[in-house]
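According to Swiss-Prot, the features are:
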- 47, 112, 113, 114, 115, 117, 177: heme b 1 binding site (BINDING)
- 67, 83, 156, 224: heme b 2 binding site (BINDING)
- 76, 80, 149: L-ascorbate binding site (BINDING)
- 12-219: domain 'Cytochrome b561' (DOMAIN)
- 1-4: topological domain 'Cytoplasmic' (TOPO_DOM)
- 26-40: topological domain 'Lumenal' (TOPO_DOM)
- 62-81: topological domain 'Cytoplasmic' (TOPO_DOM)
- 103-119: topological domain 'Lumenal' (TOPO_DOM)
- 141-154: topological domain 'Cytoplasmic' (TOPO_DOM)
- 176-202: topological domain 'Lumenal' (TOPO_DOM)
- 224-242: topological domain 'Cytoplasmic' (TOPO_DOM)
- 5-25: transmembrane segment (TRANSMEM)
- 41-61: transmembrane segment (TRANSMEM)
- 82-102: transmembrane segment (TRANSMEM)
- 120-140: transmembrane segment (TRANSMEM)
- 155-175: transmembrane segment (TRANSMEM)
- 203-223: transmembrane segment (TRANSMEM)
């Protein structure tokens, strides 16, 4: 029964994640003029789409790989590769999203990294990069000792949840900041809740719902991967023969 609830949660997460990306893309296409790669505001429009796709949806999916019951038995190698690959894909989307916003700022002569949103965002990306490279070095390569892996595993899990929480916070602050900027001198101000504001606010709520459900699945003790024992724990990926 627990497995059934888990897969139901996965279906809900898949739907919510897809809606987060599609809603963000529709907002940029319908209200903000679409997409381009020319340094203009149309290039900026890639930024929210790629950050939601990478730092929230793909990151959340990667975090849940070891919650799949099918990953609890048999060789661990495919699941480790999938976990790392999804995180790498998320990081790639994030880097392209950052390139889009920095090039737009350069083209429009806008200062970089001055808002709280940008500080939160860049902090999250730096933590994500450190988390990925540390995980690769410690849990993938064979040099690390069992003691070091045992020490860092809880920190790896903790910072994974922290990074997802920071990603959600960054997205919400970014949506709010964007609406304040674009509706500041509009015919209908933000305070009058025009259609764009309602849609973007709803997109933000979808992101929050997705993130909270991911965190719930991660924290649910009945859905955690069973401890395979000390012997398996000290085997690095490159020596996995299960």
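Placement of Cβ uses the backbone N, Cα and C atoms for every residue, glycine included.
Note that the coordinates shown come from a computational prediction; the quantities given were computed from them, not determined experimentally.
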Surrounding residues of the topological domain 'Lumenal' (26-40) on its own chain - C-beta under 8 Å, 6+ positions past either end: 46, 48-49, 100, 103-104, 106-108, 182, 196, 199-200, 203
For the topological domain 'Cytoplasmic' (141-154), the number of residues DSSP places in helix, strand and coil: 9 helix, 0 strand, 5 coil
Residue 156 (heme b 2 binding site) versus binding-site residues 112, 113, 149 - nearest by Cα: 149
Feature contact check the transmembrane segment (155-175) with the transmembrane segment (5-25), CB under 8 Å, 3 or more pairs: no
Neighbourhood of residue 117 (heme b 1 binding site), C-beta criterion under 8 angstroms, separation at least six: 170, 173, 174, 176, 177
Residues within 8 Å of the 67, 83, 156, 224 Cβ centre (excluding the heme b 2 site residues themselves): 63, 64, 65, 66, 157, 160, 218, 225
Rounded Cα separation (Å) that holds between residue 76 (L-ascorbate binding site) and residue 83 (heme b 2 binding site): 11
Number of other Cβ atoms within 10 Å of the Cβ of residue 113 (heme b 1 binding site) across all protein chains: 11
